[in-house]
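**Q** One structure is given below, represented as structure tokens, and several questions about it will come after.
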Amino acid sequence: MSAARESHPHGVKRSASPDDDLGSSNWEAADLGNEERKQKFLRLMGAGKKEHTGRLVIGDHKSTSHFRTGEEDKKINEELESQYQQSMDSKLSGRYRRHCGLGFSEVEDHDGEGDVAGDDDEDDSPDAESPDDSDSDSESEKEESAEELHAAEHPDDTEDPKSKKDAKSNYKMMFVKSSGS
């Protein structure tokens, strides 16, 4: 070690080319055995150059190697469009917006009057509906629309608006907590 210091005194610049006597810093010239071990060493040091083996080509895979026919494309497009329409219909109808939280009720306008969502006379319990009741919801909506059509065709058969308002206020009062107790 002292010999190395004597050959390179402090403060003297060394040449840019490495010296032959300091071969320990030149790891590319190190004898690692066969070529496989040398490649492994270079790869582990991060200096190995990866060679393209030709095995992997982008887009060439067994699952994607077949091409779709025009009929398959049409079928897939129709399925996607039907799914899109179903989701848009459910979003725009607001059917799933009704159950936004505990005690939440959304105001709907059927005949120009503000009705509270879920004010059917047959549903007297304040319990929230379960998601399994979606079929009965659509049936009750169909019945309501049929009743509205019948009322539009026969205006003389409908109830007077005053009794209808009284029935609504009585129904709403069933859920109002009394302040006397």
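Keep in mind that glycine also has a Cβ here, set from the backbone N, Cα and C atoms.
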**Q** Among SER15, SER24, SER82, SER93, which is annotated phosphoserine in Swiss-Prot?
**A** SER15
**Q** Where does Swiss-Prot put phosphoserine, among SER17, SER130?
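**A** My reading of Swiss-Prot gives SER17.
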**Q** Taking the Cα atoms as reference points, how far is LYS13 (SUMO2 cross-link) from SER87 (phosphoserine) in Å?
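**A** LYS13 (SUMO2 cross-link) to SER87 (phosphoserine), Cα-Cα distance: 76 Å.
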**Q** For LYS13 (SUMO2 cross-link), just count the other CB atoms lying within 10 A of its CB, please.
**A** 6
**Q** Whole-number Å distance between the CA of LYS75 (SUMO2 cross-link) and the CA of SER87 (phosphoserine)?
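**A** Cα-Cα, rounded: 18 Å.
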**Q** Within 10 Å of the Cβ of LYS75 (SUMO2 cross-link), how many other Cβ atoms are there?
**A** 12
**Q** Please report the DSSP secondary structure of LYS75 (SUMO2 cross-link), reduced to three states.
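**A** Once the DSSP labels are grouped into three classes, LYS75 (SUMO2 cross-link) ends up as helix.
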